[in-house]
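Encoded as structure tokens, the structure appears first; notes follow it.
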Amino acid sequence: MGASSLPPAWQLYLKDHRISTFKNWPFLEGCACTPERMAEAGFIHCPTENEPDLAQCFFCFKELEGWEPDDDPIEEHKKHSSGCAFLSVKKQFEELTLSEFLKLDKERAKNKIAKETNHKQKEFEETAKRVRCAIEQLAALE
């Protein structure tokens, strides 16, 4: 069974797949944050127009940008997301038992749901603020 037959989220457990996301990564040889080291730390490259060096942990979904050539990806990951369970996994993906993998992936799924829920809550609060402001402006016209 090849990596391409895995669900997309599970493909990210494979370091080589994470490495492949680092297209146009600005830090290559002679740097601490090479694509290989970034992938080892759980990161994928997800650049935007304004953040060309944006990287996100596929597991805890922590996003970091503003990388410097001497930044150590594992240390930066620990500093900004010390509770990420991916950092404590001592086995390669292929060495995990099914039970270990499913427990780990349950944590990843919970992280994803928490991130999405927080994002939706912020969107809701911003919309509520705009609506409240519009209502107050209408009330002031009376």
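Note that Cβ sites are derived from N, Cα and C of the backbone, with glycine treated the same way.
Per Swiss-Prot, the features are as follows:
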{"type": "BINDING", "residues": "C57, C60, H77, C84", "note": "Zn(2+) binding site"}
{"type": "MOD_RES", "residues": "S20", "note": "phosphoserine"}
{"type": "MOD_RES", "residues": "K23", "note": "N6-acetyllysine"}
{"type": "MOD_RES", "residues": "T34", "note": "phosphothreonine"}
{"type": "MOD_RES", "residues": "T48", "note": "phosphothreonine"}
{"type": "MOD_RES", "residues": "K90", "note": "N6-acetyllysine"}
{"type": "MOD_RES", "residues": "K110", "note": "N6-acetyllysine"}
{"type": "MOD_RES", "residues": "K112", "note": "N6-acetyllysine"}
{"type": "MOD_RES", "residues": "K115", "note": "N6-acetyllysine"}
{"type": "MOD_RES", "residues": "T117", "note": "phosphothreonine"}
{"type": "MOD_RES", "residues": "K129", "note": "N6-acetyllysine"}
{"type": "REPEAT", "residues": "18-88", "note": "repeat 'BIR'"}
{"type": "SITE", "residues": "E126", "note": "site 'Interaction with FBXL7'"}
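Features as recorded by Swiss-Prot, highlighted on the structure.
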{"residue": "K23", "record": "N6-acetyllysine", "Cβ contacts under 8 Å, 6 or more apart": "H45"}
{"residue": "T34", "record": "phosphothreonine", "Cβ contacts under 8 Å, 6 or more apart": "W25, F27, L28"}
{"residue": "T48", "record": "phosphothreonine", "Cβ contacts under 8 Å, 6 or more apart": "L54"}
{"residue": "H77", "record": "Zn(2+) binding site", "Cβ contacts under 8 Å, 6 or more apart": "A41, G42, F43, C57, K62, L64, C84, L87"}
{"residue": "K110", "record": "N6-acetyllysine", "Cβ contacts under 8 Å, 6 or more apart": "none"}
{"residue": "K112", "record": "N6-acetyllysine", "Cβ contacts under 8 Å, 6 or more apart": "F61"}
{"residue": "K115", "record": "N6-acetyllysine", "Cβ contacts under 8 Å, 6 or more apart": "F61"}
{"residue": "T117", "record": "phosphothreonine", "Cβ contacts under 8 Å, 6 or more apart": "none"}
{"residue": "E126", "record": "site 'Interaction with FBXL7'", "Cβ contacts under 8 Å, 6 or more apart": "none"}
{"residue": "K129", "record": "N6-acetyllysine", "Cβ contacts under 8 Å, 6 or more apart": "none"}
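The residues near the Zn(2+) site, meaning same-chain residues not in C57, C60, H77, C84 whose C-beta sits within 8 angstroms of the mean position of the site's C-beta atoms, are A41, G42, F43, F59, F61, K62, H80, S81, F86, L87, in sequence order. Rounded to a whole value, the Cα-Cα separation of C60 (Zn(2+) binding site) and the residue listed as 'phosphoserine' is 19 Å.
Separating the Cα atoms of K90 (N6-acetyllysine) and the residue listed as 'phosphoserine' is a whole-number distance of 22 Å. When each of the recorded positions S20, C57, C60, C84, K90 is scored by how many other Cβ atoms sit within 10 Å of its Cβ, K90 comes out lowest.
DSSP assigns C57 (Zn(2+) binding site) to a strand. C84 (Zn(2+) binding site) falls outside any helix or strand according to DSSP and counts as coil.
Summarising model confidence by region, the repeat 'BIR' (18-88) averages a pLDDT of 96. According to DSSP, T34 (phosphothreonine) sits in a coil region rather than a helix or strand.
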